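Step one of this worksheet: look at the structure below.
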Amino acid sequence: MVLIRVLANLLILQLSYAQKSSELVIGGDECNINEHRFLVALYDYWSQSFLCGGTLINEEWVLTAKHCDRTHILIYVGVHDRSVQFDKEQRRFPKEKYFFDCSNNFTKWDKDIMLIRLNKPVSYSEHIAPLSLPSSPPIVGSVCRAMGWGQTTSPQETLPDVPHCANINLLDYEVCRTAHPQFRLPATSRTLCAGVLEGGIDTCNRDSGGPLICNGQFQGIVFWGPDPCAQPDKPGLYTKVFDHLDWIQSIIAGEKTVNCPP
């Protein structure tokens, strides 16, 4: 189940790389219906087309990837099978959208993150619950869980109705720098490198914005990966949630001055 990154040739920050805006999990399996209560689905309002995943972090806020942004977005909570008619109580709109503009020690590769305030709070239920922000940084070598409604085949596009889940490995960032020399990734970064070096398992197009969960903690946001997905020795990049905590928490707290991480 390859979480196929949004390889729709979206050029973010003037970088010519394939983003996982709508990636699926390749080499994975259908997620248990109770495994993804925090996973939300983002749709384009006008075309009604599925865009990305996102993560509910409390009853009023969703965290996703910046490149998933559109002028008009619909957000659905408590979704498993996208072919089933959504209930209007599952639908939300962005009340506010926040983008990461901090410049200190952050490169353009580190800013693919968007915080969305919903137009009204959601009610938790059997199929809706938040995923807490991380309390500690991720550990290289961890086995992480990725999930989404992204492509399950690549380069052919096969989009599933239900989310797929897969386990991938958290790798040293230098592995991604070596694997993708053409992009001249910075020597240090606030992004995570993750994948299965043997290939066959990956996130893919339309998985973008969804969570990477390591040791039970929300550590990454699906961001970028090679096209086709799931190639051997070609891991992907994930926005590192832990390094954006100050920014996230200051916005949610309603502080007038947003805190930029050191």
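Cβ atoms are placed via backbone N, Cα and C, with glycine included.
Cross-referencing C193, C214, C229 with Swiss-Prot gives C229 as the cysteine bonded to C204, criterion being a recorded disulfide. Ranking the recorded positions N105, C165, C193, S208, C229 by the distance of their Cα atoms from the Cα of D112 (active site, charge relay system) places S208 first. Annotation note: H67 (active site, charge relay system) sits in a helical segment as assigned by DSSP. Secondary structure at C176 (disulfide bond), taken from DSSP and collapsed to helix, strand or coil, is helix.
With a cut-off of 8 Å between CB atoms and residues at least 6 apart in sequence, the same chain places L170, L171, D172, Y173, E174, V175, C176, P235, G236, L237, Y238 near C193 (disulfide bond), listed in sequence order.
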